[in-house]
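A.B. asks: One structure, as structure tokens, below. Some questions next.
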Amino acid sequence: MTDAQFRKIAGLVHQDSGIILSEAKRSLLMARLNRRLRVLGLPDYGAYCARLDGSDGPDERRHLLSAITTNVTAFFREAHHFRSLAQDVLPPMVAQARAGRRLRLWSAASSSGEEPYSIAITLLEAFPDAARHDVLLLSTDIDPEMVDRSRQGRFSADAVSPVPPAQLKRWFQPQGDGFEAKPDLRGLMRFAELNLHDAWPFQGRFDVIFCRNTAIYFDGTARQRLWQRFGEVMVEGGTLCIGHSERLDGPAAALFEPTGTTQYRRNARPAPARPS
Ligand SMILES: C[S@@+](CC[C@H](N)C(=O)[O-])C[C@H]1O[C@@H](n2cnc3c(N)ncnc32)[C@H](O)[C@@H]1O
């Protein structure tokens with residue numbers, strides 16, 4: 001891969017996703033793209049750059065992001081967030097939802113689904129009658145393949161190994177060599193492809209947002225803008241969970257109070273000024 005090809009591809013990735021591919025990532029990029037070149041039957045990176053410029057370019061840019069993003073995830077990863085959800089965050093929200101208020105949760109970079117299904121299990125254990133109230137868990141990712149996998153809710157035996165046996169029995173059924181999430185979990189969930197840097201199509205606000213191990217790949221401007229936008233779409237008192245090596249920085253930090261390890265509560269909004 002020539003310098004010019006690397007700069008072109010890294011530039012497109014940054015433009016589309018805010019992800020920075022430093023020079024140190026060049027060999028990773030080449031390894032990931034070699035697979036894509038084989039699938040497309042292209043001889044070299046020059047031909048790939050030409051494809052990015054051609055009529056298939058917009059679609060290919062989605063495949064490019066899919067190839068370079070890291071999808072590592074696990075059930076109940078960073079377990080303290082799920083403990084806190086169950087013990088502190090959800091109980092008052094559940095009481096309000098039972099009294100008629102809507103409850104919205106969002107796993108904003110959900111990868112293959114382990115994170116949103118872990119949230120769904122925690123939610124339904126705290127709120128077994130959730131399906132009778134106005135409760136939804138949105139699961140989104142930039143990568144269409146990951147969104148499909150989340151939607152299917154099928155996991156290998158290896159993937160479900162962090163799920164304790166009683167919970168595995170309660171929330172999953174055997175399917176082939178692996179397991180499939182039961183309909184009561186999936187009934188609360190909605191799945192969509194969403195690039196966090198694009199416009200967001202939401203009408204109402206979120207009570208809980210998980211965006212973990214994703215902003216770490218973004219440059220400072222993109223990351224701080226994302227925190228700001230989370231602040232805008234969250235209810236007062238809502239909870240934001242971010243990844244273990246991330247921190248809420250920039251102006252948006254003033255919108256939140258830390259409430260635990262990489263966990264934050266949305267502050268009250270200032271009262272609107274009264275007309276004099
Ligand atoms: C390392 S995984 C983290 C998965 C999960 N949140 C967790 O912590 O286990 C990062 C995910 O972020 C997604 N991603 C990367 N850039 C994104 C963007 N701009 N918008 C939405 N999702 C993005 C990737 O496709 C990938 O599934």
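Residue positions begin at 1 at the first shown residue.
Glycine is no exception: its Cβ is also placed from the backbone N, Cα and C atoms.
Any TrEMBL annotation is an automated prediction that lacks curation.
Given the structure is predicted, the values throughout are model-derived calculations rather than measurements.
The following feature annotations were taken from TrEMBL:
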BINDING   N71, T73, R77, E115, D141, N195, L196, R212, N213  S-adenosyl-L-methionine binding site
DOMAIN    1-269  domain 'CheR-type methyltransferase'
A.B. asks: Taking DSSP three-state, what's R77 (S-adenosyl-L-methionine binding site) in: helix, strand or coil?
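C.D. replies: In three-state terms, R77 (S-adenosyl-L-methionine binding site) counts as coil.
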A.B. asks: Only counting partners 6 or more residues apart, tell me which same-chain residues put their Cβ under 8 Å from the Cβ of D141 (S-adenosyl-L-methionine binding site).
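C.D. replies: Those within reach of D141 (S-adenosyl-L-methionine binding site), by Cβ under 8 Å and sequence separation of 6 or more, are A109, S110, S111, V147, S150, E193, L194.
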A.B. asks: Could you give the maximum C-alpha to C-alpha distance in Å for the residues N71, T73, R77, E115, D141, N195, L196, R212, N213 that bind S-adenosyl-L-methionine per the record?
C.D. replies: 22
A.B. asks: Averaging the per-residue pLDDT over the domain 'CheR-type methyltransferase' (1-269), what integer do you get?
C.D. replies: 95
